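Engineer: Below is one structure. I have some questions about it.
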């Protein structure tokens, strides 16, 4: 039943044709079950393992590799002679890469689907209902509850369905619904109708929501929604409807794959077509078909050369290393690609409570009355330092440090705070922090008493555990709490009845200590405490006190104020009717006003500086909270989200104000707003959608079940470490310390990772360009193969893979958080950069072909043929006069391929050293700034020597050891690449970047 909160309890019962005493009949239960189904959330129908495996092969790069592997496998079957074994190495290695990538992909997908399943932990196993088939309350399985059932809940129970309250059987009913609404304190419920069709869940005080917990009290309610129709069920439906977006990096790699596939197709076809005239050469036995197959193999080698096979592994490694660095900064990343996405975050939508603030309610101001004569009223005002539950802080009057024991009013105020209180401080030795036991508001008062130390208790030498309650203990030794008159909605206050512990004739008698909403408490005060005297409360004094409280409760302060009072001569406890809560208000009249405290959930000290950093980095911070607008705007001003006098019109909205806007106005509001107050989870999702329509990359924080859909929808969902399992499962990142500063640190890390990723992607691609140029050139010129597929795989995966991974450790730029967020649609390689890496790649290809050609033409150990003979090597035969005196087998020697491979590897090592910085010279940013890179270069060269010297690797890779003279030629051809890149960097710094700055 929608909008049950609008109806009276009697109307709701009438709609379901049920009575609170009798409950549903078995017939009604059967009908309702058929109509509404079981009261449970359906299990997530995840993708089958086979579907997940198939998905991993939808990537274009992967499909090209798969095709290359299959073709290589077929060609390997037709190999003859000693190449029969080595021919299978290439397809097997490619298949291993694909299988490994698929396993990682499937594992990540399986992990990501757990968010919806985690919702089920909030479903209780059992429920208590009243039905006509049995007298009294009966326990049944929660899944069997149907709309119309009369359900009983009591303290400690998990609510089994959405209920409309019909009767509260205790003084009050308090419910912890933080998982659903994000409210940090438990909520007092009632049974009255709420005539507001647009009330948000926080305002539906006559409703209990499935999955929330009863904090205190006992009540009856009628089930108005079950299963997917509950608020929890709606969240499940929203989560199921959210399709995961591909990250900017994934989209870029997809685009890169498309471009690469087109380029590969064109080049492969071109190589094959250009050589049609050579298909019938003698080297192929005069068989046109054999010649066609030979050049087809070269085309396949080209495909293998063009694809950076090591790229997926290097990216995964770099992101994994990034997650480790982030974890040290309290940001635990669950989804690897989101590490890079953090780097282009342009908007951070942050919860207020616990993220921007400490979620540790603290008293920061208090006052007692200094003078209350007929026409004048003067107050003693104090400020208190400290923003956490740590019982340390200073009490000041103006700039002056004060000893609270010197003010009689403060001694009495501390006494009320300590005794009219059911909370305590506890020192958590494992975490090394003080924590609350009980309600946040009351814990703030407990902490205040410790800071005030009105009896000058000696606190030296106390352990932290003892320090947690030392000053409160002293007060509690003087008075004994007899009983508590619980808080109720009508009187907005609570009180305790205390008697002195010492039977001293001079000791004061029994007292009632009262705390509550200032207007309500002061209305029942007839006098005011001035020092140790009791003075009648005049209209002037009353108005002066209320004006001060109104000032604290609004504007830039926006404190939550509590009035503290006593009843000096209460009735005898024997004469009080404690079972009738309607009498409580009479016992709490004729009060003496003692003082007032103002508290707030204080901003985290480090957050203001982080918001300034975000502003400099071009990142907009938006506060989203369930709190009221006044409090939210005040906190925004304290944090620097708004200026002290800034007009917030059009920049701060409540959920209701946002709903009143047209869809286009909502879009524009999301573009300019920096504060959303009194919002529901659905608003968060709409805010994310609107921001995404402007191509903003949004980071959204959340901790409750209600936040899960928005966390899943945002590019970066950030859950709190103290949040629910559902939120953590839906998020890409979890903050172990719940601190906004950790988000900013993670964004900085994300930017650094992206910069490093650009370096190694470009490094790998320039290598691939070189390999393509090499094979293309040999095919066009009709030269013998300089590099074979298995060698290309070795270079792409191992030799290049190690330095590429080490580039992930490059130090970040010092001005990384001074730049605007990069455009997520900006290409990895474009314009000038494309030319740069093409130039390097062409040099790599030319040098590689030159090395192989040098051996044939000039090496003393080589055949020293002419270039014309080399170009026509396929026509070599004993009866061809062009090749008189030349052994045709020399054209299949391993020396030229070894020379080419050695030049390729050495140039790539020089390239890696060049990649420490995109534009800075090696003289400004030398390679030893990244010691990991130096280690990787040494390791890669060691592996290269390994395949040259250690059997059976030379056979597998078709290589042979080189002489010292040959290594000299390799270095002569390789080292100029450093000079070429330095020249290109110089042009970048002095011409290309300057033009960008002028623009």
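Heads up, the Cβ atoms here are built off N, Cα and C, so glycines get one too.
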Engineer: Name the one residue among 703, 737, 800 that Swiss-Prot lists for the same Mg(2+) site as 351, 353.
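Structural biologist: Among 703, 737, 800, only 703 appears alongside 351, 353 as Mg(2+)-binding in Swiss-Prot.
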Engineer: Determine which of 664, 889, 892, 908 appears in Swiss-Prot for the same Ca(2+) 1 site as 768, 771, 799, 800.
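Structural biologist: Answer per Swiss-Prot: 908.
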Engineer: With reference to Swiss-Prot, is residue 17 found on the same side of the membrane as residue 276?
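Structural biologist: According to Swiss-Prot, which assigns topological domains, residue 17 and residue 276 fall on opposite sides of the membrane.
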Engineer: For residue 351 (Mg(2+) binding site), what is the secondary structure state per DSSP, taken as helix, strand or coil?
Structural biologist: strand
Engineer: Residue 415 (phosphothreonine) has how many other Cβ neighbours within 10 Å of its own Cβ?
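Structural biologist: That number is 22.
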Engineer: Of the residues in the topological domain 'Cytoplasmic' (918-930), how many are helix, strand and coil by DSSP?
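Structural biologist: Each residue of the topological domain 'Cytoplasmic' (918-930) counted once, the result is 3 helix, 0 strand, 10 coil.
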Engineer: Among the recorded positions 19, 353, point out the residue whose Cβ has the most other Cβ atoms within 10 Å, with all shown protein chains included in the count.
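Structural biologist: Most Cβ neighbours within 10 Å: 353.
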Engineer: Mind checking which residues of the chain, 6+ beyond the ends of the topological domain 'Cytoplasmic' (918-930), have their Cβ under 8 Å from one of its Cβ atoms?
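Structural biologist: Distal contacts: 755, 758-759, 806-807, 809-811, 978, 982, 985-986, 988-989, 993.
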Engineer: Highest Cβ count within 10 Å among the binding-site residues 351, 703: which residue is it?
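Structural biologist: Its Cβ has the most other Cβ atoms within 10 Å: 703.
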Engineer: So if I exclude everything within five residues of the ends of the topological domain 'Cytoplasmic' (809-828), which remaining residues of that chain have a CB under 8 angstroms from its CBs? That is, six or more out.
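Structural biologist: Same-chain contacts beyond the ends: 248, 251-252, 255-256, 321, 341, 343-346, 613, 616-619, 695, 697, 747-748, 751-752, 754-756, 758-759, 761-762, 915-917, 929-930, 932-933.
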Engineer: Using the alpha carbons only, what distance in Å do you get between residue 19 (phosphothreonine) and residue 703 (Mg(2+) binding site) once rounded?
Structural biologist: 39
